[in-house]
Amino acid sequence: MKILYSLLLISSIILNTVLNISSQVYDQRILALKGKCYLDSNKNALYDEGEPGFGNVEISLGNATDYKGNKYPIRYSSADGTFIYDGLTQRTTYEFTFTNPKDYYFETYEKTLACPPGVPCIRPTVSADNLAADLLVANTFAYNIPLIKQVGVSSGSSILTVRISVDLGYVEQTQPPTQPPTQPPTQPPTPPPFTGSAVAGLLFTDINGNGIFDGRDVWTSNVSVGLYNFNDKTRALDVNGNVISSITTDANGRYAFENVANGVYCLWMEGTKYFNPGCVGRIEINSATMPKSVASDGVQSPTILRAGSFSLFLTGNSGYGGYAYNDIDLNGYLSSRDQGIAGIIVKIYLPVYNFLFGTVTTDSNGRWSFSGLQPGFPVRIEFVIPNDFTSTGANLVNFVTVGQSIDLSIGLIPKSLTGVNAGPSNPKSFVTTCFVKGSYNGKYKDEPTVVEINKDAQGKAYAQQSADYMKVLASHKDTGSVHGVAFNPDNGDKFVSSYHKTNSDFGPSGSCAIYKLSSGIITTHVNFNDVFGKSYCGGYAHYFDFREISTAGPLVGKASLGQMTYYNKKLYVTNLGKNEILVVPIYQNPNATNVERIPVANPGCSSGDDWHIFPVTVFQGELFTGGVCSGEKGSRLSTYILKYNPNSKSFSTVLFYTLGYARGCRYLDSFGSCVSSVWQKWSNNDSPQALLSTIIFDVSGHLIMAYKDRSGDISAVVSAPELLIACLGTDGLFYLESGGKCGSLVGAGVDQKSLTGLRYGPGNGNFFDNHKTGLHDYTNAFGATKGGRDIIVTTGFDYYEAFEGSIRWYNATSGKQLKGYSLYITSSNGRTPSPTFGKQNGLGDITSVYDSSLPQYRVGRVWLDINGNGIQDAGEPGISGITVFLIYGQQSTPTSQTVSDSNGYFKFEVDFSSNYYCVIPVAFFQAGSSITMRNADPTHPNTNSDAFLSTVDNVYVTSFTSSDAGGYYFNGCSFGIIPKK
């Protein structure tokens, strides 16, 4: 049976069905067509078990009559959504028109050329059908009509047209013979010769479910084997038109069918203590191309298909179980607050044949279980969850071994509670730090050191009309000098960390502390000097006199703490005194046992004394840091960006570049000459010195790097900070912007010129606009944070006026400044004392503040598709160690990369409602392997392979559109690899 579909218009679907059987005269049997209108609850354009039928849909058939010549009246789908048209004739084109009810519309759906496994597409009618027709056409996916609810849609605004024509071909003529009757033979008639083909094969008991005869497997006797037509699952006929009888396997598991006609068939296997997996295999007979049979085949047919061996699976008493629960705190594991969810469907599939073993549902406590299999047997377990729910981390598809005592549980949450309009892409405000002069308990003790800025801020906080945009969270007496800042979205707590700056005192807990700001209460979350010993971060006591610069200056960037970030209920902060990252728990009292210390070794500076780290961030679950070779001991001025491998406990370089590129002017002196910003080796002099202070990633995966001018924290009146971008290449390395461009992005400073008219920046350009017209070529960034989907927010100076401390909003894809807000202005006359630092790195780092959310993750898998069916079957292993690239939208460069784990899984954090591609170069796989079929089973998108081969770039590619809600999603990014033959 062959079914052909074609889609002509989005609102008009044309369906043509052709069923061909070769013979002599046209088949005249009358047909009935059965379909179903249903509410597509999960909007996957497929009818899934449990989705409700949709009644009262108007259906008309105006262009034809039934086989008696009667017109079909307008009718409506029944309460369960079904509709039946009786009395259809073959070779007639029928045009069905469906009219939508109010508040619903017809979904555009993909037609498939098959019925569900083991279900016939066409069958003879029976008396219980109460139909005039001889045959009933039903069950094909294409006859299920999906509707979607959308309030406001008017009735009749969505019209669906389905056109169908059926032709069953020819049948044998039935007229009586014209010759006289044949006289009875005097001896038994000679059987007709075998002119068809033989089909022979073996059955074996597959103990480990891998589809291969090995290990403890045995050949299986006394099992009934039937040959069926592949398409409609009816009994196969031989070349003489006779039904081919079932055969029982012999002691060696062998079976053989004789005289089989050309066609495509499958096997039906039934035996005591064995599962019947439905009609399995695809056995294609074409006698013209098949080999001749030989005596050892033991058959009489002239040609033979040696079908190989097929698996049989034993029944047993073992099973599996677990829970489905409402993950209230979005933490991905079952806790005391979480409650079980009843009614979640769990499906269990056997290996090799993708056969549904059984379906169970969770009870009132959220518990589910099944039994009936042998211990140690592999199965695939799928959770079918409501469309308005999402997983908080557990896989919807799982591959387990029967009999294990481990529960397989899944946490779920309504999508509406994942924080659709929350998260770092939707900040409400920003927190930054301000440096204050003098002792923390001196005359400026009440000056602000930590402030929160509203996302809508603009203007000048020091001017009354814009003051309401800024809120003071802490003062100098509370924290002293702090640079690092982090935010915990779970409870709204903010954290700031000590920083060493000349002329600005440490707070009451000294040089190595993290302070917590919680609902107006300021406490010391951890003092590392108490945990690990005095001067752990490098100690220093300020003099605040003529000795300050000479004694405090040399320790800038070498003592105290650097950048700090929050990730997964932990704080990550750099210890500048020891070139290490400290990982601090938030919900426990930090101590020497639970604070992790990660040393960051010199990656390549010619002298280890020249290696200085500062930034830290987490992107796609991976830890990054970086630093500079300072040149003090002769190493070349350069930058390293490093990624941590927790397995080897080591860092690898993902970006390296030197700092000798042309730079513009700090300012013009009184003679109009350029005061150079070219980076110099670290010293205690008033010269530009690169201190890599921040690394972050934008939504497109670009690496944003902020540099403080170290001299601004020592004595320089005007610092010259920098803001750079780098893009990820397909080799897994990042590449620094050049000429104001990064990959396919074109920045704001492609044609920029310095105050003296010269080109400057890496490759003579800068991606970000960093200048103050007529005053400075560099004004930021001391720190930076993601401020929205395509927004970067930075700290610097002089947005409106000279000697301001300012923050700026940037477009991350164009590098253009969008707006600014100034927090303070410092007196510049030299006579009026001021607590702030003007252009001398007066602000610290910055972080966004946002409502708690569950980020969105796309989970994929790379697996070995042993049987080549395009489906992730139980027993098929994942492929580990494969690098997968994520590409955002129409970018020409990757957004991120990751490596598949021991089970072949990988995941990417993605933005809402965005288009992405997952890409793997073909060269990453064994030569001779290939990609399996794509979208093999549209009804199970979570188990398909999604990839195709792009011959232009010789890569395997998948594509998907991310959801509009948080959670974990499992379709659109899987790769099935067929092994080398």
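Heads up, the Cβ atoms here are built off N, Cα and C, so glycines get one too.
Residues Asn20, Asn811 are shown; Swiss-Prot lists N-linked glycosylation site for one of them, Asn811. Listed in sequence order, Val531 are the same-chain residues six or more apart from Asn591 (N-linked glycosylation site) with CB atoms under 8 A from its CB. A C-beta separation below 8 Å, combined with a sequence spacing of at least six in one chain, links Asn222 (N-linked glycosylation site) to Thr248, Thr249, Gly271, Thr272. Counting every protein chain shown, the Cβ of Asn811 (N-linked glycosylation site) has 17 other Cβ atoms within 10 Å. In the three-state DSSP reading, Asn811 (N-linked glycosylation site) counts as strand.
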